[in-house]
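Taken from TrEMBL as is:
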type   : residues  : note
DOMAIN : A:1-303   : domain 'DNA-directed DNA polymerase X'
DOMAIN : A:50-69   : domain 'Helix-hairpin-helix DNA-binding motif class 1'
DOMAIN : A:125-144 : domain 'Helix-hairpin-helix DNA-binding motif class 1'
DOMAIN : A:327-410 : domain 'Polymerase/histidinol phosphatase N-terminal'
DNA sequence: GCCGTTTTCGGCCCGACTGTTTTCAGTCG
């Protein structure tokens, strides 16, 4: 049970209490406890009840609830509420624009209990006819249902990675185990977690898996060599394939690239697939490419249709890697909605080998996130000056940079005065509200922000949340062209929830000479590690070290920022 | 349910935006 698991349970309890007409103040207590616990930098499962009650918004009842969740993984009260609620009604919370009140109306007035019911009611116009609903809401529901259906059965790369790693460790007693498939290719969204086991005893592998709690086999899809099923509590499919030693390496290659990549032909007319099947066992993947007469492509880039074109122009070593990162520029602290102080975050950044840490807390429009007023910006910058003075006094070559994540308002302007904007080393400009826009409106809004001379970095360009929210449509070429013209860096938001901008646009951005910054958008120390996911996505798109903004060393970064401010 | 006292009750409560309205409820970050 992580803090966010516990917070999710408290939030869901609040929603279901609301759905079942609970006491409004009790509902608010659960919901605000969840909100404030989200900012607590300690592990909730490790706290005693007496310690928990000292936290803001936590009294005896919620402290006991947190303990119960920590100890049992469940909250009896939530289980009771869930038992009274059709699962399809709970699914409706995933539709953006539907909250408790509207879901309650749909359930009670139209008797809607499944997403299928909801679609039928929307298609037949019955939803628009309810008081408080209308044509636009009905269309929004249908659009959201279509998006959710298209994402069904997928999980984010971070969850897939955890599941795959866990299975690999558990299976390792049976022999050599390798993660293959989409996880090895670092797909941003995964529908099948696949692993290969090297063994001459497929029966032993199958019986091990069938004795595994948390996995359920789909017998119809399985064979003696291929166990297929799914992880309990998740829609994602799991495939565990057993191969003898003399087939293992070639299968690992074949199962780590999409078909379009495997049927690429070399100068002799032979495809990668043909070579892989003919090559003698235990040859490295590089040998398969070499014997086909094609340049080597790293697994994460194999789903990129431009991979071979990229590999003919660059070396694999040109690709950005974790070790090349020198700093980080988009992060939050306790000044806005982060869990840790600037000092804690900066020290952690040092610990993981970086030489600069940029703070970019929220601006006033993000009031829900405790965005900073002009006055609080002055105080924060004084604190940063002090931290930097302390590092310098200790002879530590590390710098905290003064940034902001300034909201892009509806008209494309930023929400600080020019005087405040000029006090930062750099400005990350991001859209956080009014996300529902046409492509024309969204593009015009971003273009105005890019043209602002104070904008240094364009934050999460489309506002998407993988598997949950599509993001507003933008004219990517126009946005990238404008960034090139105005020397604006584009963020690759490294949060596994976002990975925005999409890796498919990296090549175009590079061709225009645009810098790309791998930004963790960290709200806690460990959030800095999300840059790993950003690196995976960046490598998919072929991002090179020399175009990665935060691969710039500290000295170069300071010069670049200074020059950029002078225009 | 939590909090903070004018201390065991009485008051809690972000604000912009959207889609629905015709003055505002519901949603969201």
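Each residue, glycine too, has its Cβ placed from N, Cα and C.
Broken down by DSSP into helix, strand and coil, the domain 'Helix-hairpin-helix DNA-binding motif class 1' (A:50-69) contains 13 helix, 0 strand, 7 coil. The DSSP breakdown of the domain 'Helix-hairpin-helix DNA-binding motif class 1' (A:125-144) into helical (H, G, I), extended (E, B) and coil residues amounts to 10 helix, 0 strand, 10 coil. Shown for the domain 'Polymerase/histidinol phosphatase N-terminal' (A:327-410): DSSP residue counts in helix, strand and coil, namely 33 helix, 18 strand, 33 coil. Predicted-model confidence for the domain 'Polymerase/histidinol phosphatase N-terminal' (A:327-410) is 94, expressed as mean pLDDT.
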